[in-house]
Amino acid sequence: MRKWRIEDSEELYNITGWGTSYFGINDKGHVVVTPRKDGVEVDLKELVDELQLRDVAAPMLVRFPDILDNRIEKIANCFKQASDEYGYKAQNFIIYPIKVNQMRPVVEEIISHGKKFNLGLEAGSKPELHAVIAVNTDSDSLIICNGYKDESYIELALLAQKMGKRIFLVVEKMNELRLIAKMAKQLNVRPNIGIRIKLASSGSGKWEDSGGDASKFGLTSSELLEALDFLEKKDMKDCLKLIHFHIGSQVTKIRRIKTALREASQFYVQLHVMGFNVEFVDIGGGLGVDYDGTRSANSESSVNYSIQEYVNDSISTLVDASDKNGIPHPNIITESGRSLTAHHSVLIFEVLETATLPEMDEDFEVGENDHELVHELYEIWDNLNQSRMVEAWHDAQQIREEALDLFSHGIVDLKTRAQIERLYWSVTREINQIASGLKHAPDEFRKLDKLLADKYFCNFSLFQSLPDSWAIDQIFPIMPIQRLDEKPDRNATLQDITCDSDGKIANFISTRYVSHDLPVHSLKGKDAYYIGVFLVGAYQEILGDMHNLFGDTNAVHVTVDDKGYSIDQVIDGETVAEVLDYVQYNPKKLVRTLETWVTKSVKEGRISVEEGKEFLSNYRSGLYGYTYLE
């Protein structure tokens with residue numbers, strides 16, 4: 001058998017599919033990141049080793065700002081190419097919805113690099129609007145205001161507009177339009193109004209219900225006519241500058257996008273026919289990320305189109321509708337937060353230990369005093385072959401169930417139960433090996449891989465770092481960041497360190513379909529073994545929660561230049577004291593309470609003075625230490 005090669009690992013984990021030229025494997029068998037076009041690589045294993053020397057421990061989130069820059073340029077260049085090809089005579093605007101990742105360093109990097117592309121921001125709530133207005137005071141780029149609005153939200157936006165901000169209040173419900181008109185009159189400002197339209201068209205994938213008739217937001221055709229009538233009566237026709245639609249995040253099928261664009265383009269045409277000279281069409285989000293690298297509409301974790309195709313369809317549809325009706329081309333706004341940010345962050349954590357189902361030693365021989373069920377199951381194991389494996393499997397299951405029942409009634413002892421257990425799993429493993437080589441294996445054997453997988457216990461919280469994996473079964477690219485020049489010899493599911501049975505990952509990317517286990521390597525003594533989770537830059541940080549009081553992980557910002565990479569910033573993860581403070585425990589008060597208890601215990605002779613000091617020292621240091629295992 002030939003030696004395992006790097007190319008085999010590339011195929012096994014499909015890194016060339018989802019890596020989008022940013023991720024690969026080097027000759028050392030380590031995952032590398034190439035944030036820029038100039039080809040400068042960052043070896044993730046060497047980066048983690050360097051960070052360990054700096055006392056920055058895993059789990060850690062590694063951010064690559066250069067990838068953010070590259071994503072902005074890529075989308076902007078796609079718009080430029082499509083504009084030239086289709087004779088587009090208006091402007092396009094890239095808008096970053098900060099709900100995707102509100103972390104200040106991420107937003108600031110996007111603003112900084114996006115200035116030359118006039119990149120704008122979107123706020124979907126009052127707190128987000130406060131951030132958006134203050135973080136980019138010098139720019140005349142667009143600010144889109146979505147979400148539910150009250151008087152203070154609207155007043156803040158209108159006063160910002162009065163001071164020169166290009167800010168658009170997008171009406172989600174009719175009552176908002178009345179409120180905007182009222183506040184605008186009080187403040188003596190002509191508001192820039194947008195209206196979100198509820199299209200009949202919907203997206204595809206996990207967020208399909210975000211669009212169409214089931215959409216939470218937007219005005220129906222009847223409500224739109226009511227809004228237009230209201231604006232006309234209030235002498236505010238000129239204030240309607242923008243129409244907006246959104247058919248859902250991570251749209252998997254380009255056909256759904258084309259359908260929605262055709263429908264939206266007719267709303268734009270009809271408004272112009274009615275005398276409302278709308279200038280902007282905000283096509284919302286939906287531009288998906290190919291998480292599994294299959295480029296398939298059949299997968300909820302993939303898309304069957306490129307950024308260029310998405311942009312081409314957006315521009316060509318609106319240009320065609322405008323030209324046919326003799327109206328100006330609209331300025332096109334796209335809110336593609338997921339596509340901008342997903343690739344720039346990598347979560348890295350260490351495997352702490354493993355657990356494997358028991359199996360019988362190969363040299364085991366049944367003894368005269370062993371229970372008859374042990375004899376029967378041993379015979380099945382000893383004579384197992386392909387021709388009778390289905391019958392053998394059924395017999396093994398029956399024997400196991402009978403043994404468990406007898407144990408529960410006190411008829412067989414613990415030793416017998418353990419023997420049955422080891423023999424049963426040995427039979428199961430052999431049947432799985434035989435079935436995996438068959439072209440058409442019986443259905444009942446298809447889940448044996450999942451059943452037999454090892455458990456790799458990892459130092460991270462699924463709920464804090466990968467909430468979408470738990471909540472909506474989102475599949476992220478996951479693979480070891482080292483030893484990729486070695487053939488994986490185990491298959492495992494990943495378990496986090498929360499006290500929750502849901503804290504596990506059991507769905508992974510494979511070359512053809514979703515796999516229920518991940519190919520990994522056996523641990524080598526005390527050598528650290530790291531797993532990387534990729535494309536986690538969208539939503540995961542901000543949606544994460546503190547289940548079991550595990551806080552934010554360490555975060556590291558890494559940039560590259562011609563000389564290599566540099567660690568620009570290290571943001572310490574949350575301490576135990578910080579997360580306790582969130583849930584209204586005062587760390588200082590906790591220490592004082594324990595000091596009183598320890599003093600009392602010393603006086604009662606339960607512990608010595610030295611033991612009391614040691615206990616308090618450990619408690620204090622633990623309070624101000626990392627929430628994860630160190």
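Each Cβ is built from the backbone N, Cα and C atoms, and glycine gets one as well.
What Swiss-Prot lists as N6-(pyridoxal phosphate)lysine is Lys99. Secondary structure at Lys99 (N6-(pyridoxal phosphate)lysine), as computed by DSSP, is helix.
Less than 8 angstroms from the CB of Leu287 (substrate binding site) sit Val251, Ile307, Tyr310, Thr334, Ser336, Arg338, Ser339, each of them six or more residues away in the same chain. Under the DSSP three-state reduction, Leu287 (substrate binding site) is assigned to coil, being neither helix nor strand. Among the features that Swiss-Prot reports, substrate binding site is placed at Val281, Asp282, Ile283, Gly284, Gly285, Gly286, Leu287, Gly288, Val289, Asp290, Tyr291, with the record citing sequence analysis.
When the Cα atoms are compared, Val281 (substrate binding site) and Lys99 (N6-(pyridoxal phosphate)lysine) turn out to be 21 Å apart. Cα of Val289 (substrate binding site) to Cα of Lys99 (N6-(pyridoxal phosphate)lysine): a span of 17 Å. Counting Cβ atoms from all protein chains shown, Val289 (substrate binding site) has 22 others lying within 10 Å of its own Cβ.
For the pair formed by Ile283 (substrate binding site) and Lys99 (N6-(pyridoxal phosphate)lysine), distance between Cα atoms is given as 17 Å, rounded to the nearest Å. The DSSP secondary structure for Val281 (substrate binding site) is strand.
The Cβ of Lys99 (N6-(pyridoxal phosphate)lysine) lies under 8 Å from the Cβ of Glu122, Gly124, Ser125, Glu128, Gly337, Tyr539, Ile542, each on the same chain and at least six residues away in sequence.
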